[in-house]
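**Q** Submitted below is the structure of interest, expressed as C-alpha cells.
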Amino acid sequence: MAAVILEDGAESYTTKGGIVVTRRRREASYSDAIAGYVDRLDERRGAVFSSNYEYPGRYTRWDTAVVDPPLAISSFGRSLWIEAYNERGEVLLALIAEDLKSVADITLGSLAARRLDLTINEPDRVFTEEERSKMPTVFTVLRAVTNLFHSEEDSNLGLYGAFGYDLAFQFDAIELKLSRPDDQRDMVLFLPDEILVVDHYAAKAWIDRYDFARENLSTEGKAADIAPEPFRSVDSIPPHGDHRPGEYAELVVKAKESFRRGDLFEVVPGQKFYERCESRPSEISNRLKAINPSPYSFFINLGNQEYLVGASPEMFVRVSGRRIETCPISGTIKRGDDPIADSEQILKLLNSKKDESELTMCSDVDRNDKSRVCVPGSVKVIGRRQIEMYSRLIHTVDHIEGRLRDDMDAFDGFLSHAWAVTVTGAPKLWAMRFIESHEKSPRAWYGGAIGMVGFNGDMNTGLTLRTIRIKDGIAEVRAGATLLYDSNPEEEEAETELKASAMIAAIRDAKSANSAKSARDVAAVGAGVSILLVDHEDSFVHTLANYFRQTGASVTTVRTPVAEEIFDRVKPDLVVLSPGPGTPKDFDCKATIKKARARDLPIFGVCLGLQALAEAYGGDLRQLAIPMHGKPSRIRVLEPGIVFSGLGKEVTVGRYHSIFADPSNLPREFVITAESEDGTIMGIEHSKEPVAAVQFHPESIMTLGGDAGMRMIENVVAHLAKRAKTKAA
C-alpha cells in the first residue's frame, strides 16, 4: 500500500503483515548530528554506521544512527530471544510474537511482557545444496520479522546490529572444539523507532520517528524511557594477547603442511591482542574514525557492557533489489611515507604473484557462493585487483555482482557467503575446521558482519574486520593473515600485528586531540632572504619558485635576459638558474652568470642551470643517447656538500633533459656531488665560489619521496644564500 500524507504532515503506510507504520520527519543539524549519537552510545544501546571512504561505483559517504531502540533480537546457538526495552518495545514484541505463532521450524518458549524465548528446530529432512540457505536457522525468524514489516515505502527502517562468526555453523555445521563463554551472543539486531540519516551529498540530516499499530495495539503515546547503563572501566591489566611472540609463525608452518597435503588452498587464522580501556568507547570510536577512514565504520553498544568499534574496509554482502554485490579483499602491503612511496608499494603489490593468487582464490570462492543463489550467467567480476588505500595499508580488491533468483532473498545471499573466504580460507569448510582447531579462542564477532537489513528487502553489511571488541572494560583486537603454501611465517605474523596496529593506536590515543599524522614542517630558513629566479621559458618555474617561497624567502621571477637594473632593484641574496628547453646558449646564460659573479652572488642551477654553469666555467656539454624526459632515476650521493646534506646515500629524483655536462672535461674547481647509475653528472658544487647545481628537478613529483626535493631547497637557502651565510657568521 502506497504511503499517504496525514494532516500533521506525517506519512503512513501499511506493511505486508498488516502493520500501519506512521513516519514523522524532522530536520537535524547536518554539521554535528552524528556526534551526539556517538556520545550517547557510551551508556545506551544502539549503533552508528558511517561510510567516510569513497570509491566510484562502490562506496559513497553516509551516516546512519539508532539509539535507545525499543526492541532487540539476540541469539546463541539455536536459542533466540526477543527483548523489549520500554513500553513501545512491548507493543512491537506483542506484534512479532503473534506473527511467529504461525512460523514452522521454531518452538516458542516463555512469553512475558518484555521477553520472548524460542528455539530453532533441527532440520527434519535432508536439504540439497541448492536449498541449504532455506534450512531452519535463526534467519528463519529474521525472515518472518522482515516479512511482517515488509514495505517498499521506506529504505531506512529495518534491523541494525551485528552478526557473529558462529552463525555460519547453522548453515554448515562443524565440530566445535573451542569452549564458548556462557554469555556469548551470536547475533544482536535492533529494531529502532527513531533513525538519524545524514546525506553528505545534499548536506542534510534528518530524524525519522516511527509509530506502529495493528488492530488494538499501538506504540502511539507509549513511554519511550530506557534506563542508561554507563560504561564501566577496570583497573586490571590484561595480557598482551593470546599468542606469544613467534607462535603465530609456528601456526603458519602447520598450515603449510595442510597446503602440501592438499587439505587447504589458503586459510586465514588470526591472533588476538588485549588493551585496557582507559577512554570511553565513544572516544575510541572518534579516534579510529579519524585515523582510519573506511567504507564501514561502526560503533555499536550491544548492552551488557559489550561494545564493537570498527573500521572495516570490506563489504560483506550488499543487496539492492535483486542485485547482490561483494568486494573481496586480499593482497596487503604497508603504506609508504608519502605518495611516491605509496606508488612504489602499489607496484610491488600488483607485481606480487602470491597476493594475486590470494585474491584469485577468494574471488573464485565468492563466485561459487553467488552461483548457489543467483540467476545462471549473472555472476560477473566487474572490478579486478583494484587498489584501495587506507590509513596504514594498501589492498587489492575485486568487485563481484550477481542477480538473485526469484526464489531467493537477501538472507539467502547472506548465508551463502557466510563467511567470506577472506576471513576463513578455501575450501571454506575445511578452512573453518582448521581455524576452530588452531586458533586460541572463539572468534565471537570477528569475521562475522555488521550492518543493516532493510524491511524493503535490501541489505548492506560489512565484514567485522579491523574491529575493537570491548567487553567489561577490556578491549580485544583480532587480526589475521591469508596464508598460502609460499607464505613466509615471520612476514605473516608481522602482517597480523600491522593490521591490529591502527586499532591499538586508537585505543591508546583516544584522548589525543590530533586526528592525523602531521606532515613534516618546512624549515623557515629563508626568512629575510631575497631570491632572483631566472626563467628560461620553463614549464616548471613556478613550482620551483613555490618551493623556495615555502622556506620563507622572497622570490622574484624574471625571464631572461636579465637587465642590470633588475639586479639593483631585487638585491638578491641568491640567483637561481631555472630549467628550460634547448641549450644554455639559447638564453645567453653566460651573460647572466657573469653579472651574478660580478656582484659576488651565490648561484644555484637546476637542470639547464647546471649545464649553463658547467659551460660558463669552461666545461663541455654532450647529448644523451636516450633523452630522460619525465623519467625517475635513482642517483648516488658522492659528496653531501650543501645540497644533499642530511639525505641518504641514494635518492630518487625526476629528470627532464637531453643535454648533460661532460664529466671528462668538467673544470677542476667543480666537485661532482651526485651521479646517476650510468655515471651522468647529477650534482656539482664549486670548491671556492658559492655555486652549486643539480641536473634533475627537485620540484618534480618524482623527487617527492622522503620530501627530498624540499629538503634540498632548504639546504640551498640555508647554506648557499648570501644573507644566510652572513647570519650564520
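Every residue, even glycine, has its Cβ placed from backbone N, Cα and C.
From Swiss-Prot, for reference:
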ACT_SITE  Cys607  active site, nucleophile
ACT_SITE  His697  active site, for GATase activity
ACT_SITE  Glu699  active site, for GATase activity
BINDING   Gly580, Pro581, Gly582, Gln611, Ser658, Ile659  L-glutamine binding site
DOMAIN    530-726  domain 'Glutamine amidotransferase type-1'
**Q** On the three-state reduction of DSSP, what should I expect for Ser658 (L-glutamine binding site)?
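**A** Looking at the DSSP assignment, Ser658 (L-glutamine binding site) belongs to a strand.
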**Q** Cα distance, His697 (active site, for GATase activity) to Ile659 (L-glutamine binding site), nearest Å?
**A** 14
**Q** I need the nearest neighbour of Ser658 (L-glutamine binding site) among the active-site residues Cys607, His697, Glu699, using C-alpha distances.
**A** Cys607
**Q** In the three-state scheme derived from DSSP, which category covers Gln611 (L-glutamine binding site)?
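**A** It is helical.
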**Q** Within the chain of Gly580 (L-glutamine binding site), which residues six or more apart in sequence place their C-beta under 8 angstroms from its C-beta?
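**A** Once residues fewer than 6 apart are set aside, Gly580 (L-glutamine binding site) is near Asp535, His536, Glu537, Asp538, Asp586, Phe587, Cys607, Leu608.
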**Q** My understanding is the cutoff is Cβ-Cβ under 8 Å with a sequence separation of 6 or more in the same chain; which residues meet that for Gly582 (L-glutamine binding site)?
**A** Leu608
**Q** By a simple count, how many Cβ atoms lie within 10 Å of the Cβ of Glu699 (active site, for GATase activity), its own Cβ left out?
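**A** Other Cβ atoms within 10 Å of Glu699 (active site, for GATase activity): 24.
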**Q** Would you mind pulling the longest C-alpha to C-alpha span across Gly580, Pro581, Gly582, Gln611, Ser658, Ile659, which the record has binding L-glutamine, in angstrom?
**A** 12
**Q** Excluding near sequence neighbours, so keeping only residues 6 or more apart in the same chain, what lies with its CB under 8 A of Gln611 (L-glutamine binding site)?
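**A** Those within reach of Gln611 (L-glutamine binding site), by Cβ under 8 Å and sequence separation of 6 or more, are Thr583, Pro584, Gly605, Leu621, His657, Ile659, Phe660, Ala661, Gln695.
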**Q** Which one of these recorded positions has the most other Cβ atoms within 10 Å of its own Cβ: Cys607, Ile659?
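**A** That would be Cys607, with the highest Cβ count within 10 Å.
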**Q** When you measure from the Cβ of His697 (active site, for GATase activity), which residues in the chain that are at least 6 apart have a Cβ under 8 Å away?
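**A** Expected: Phe540, Leu544, Pro579, Val606, Cys607, Val653, Gly654, Arg655, Tyr656, Thr703, Gly709.
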**Q** Calculate the distance in Å between the alpha carbons (Cα) of Glu699 (active site, for GATase activity) and Pro581 (L-glutamine binding site), and round it to a whole number.
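**A** Computed Cα spacing between Glu699 (active site, for GATase activity) and Pro581 (L-glutamine binding site) is 17 Å.
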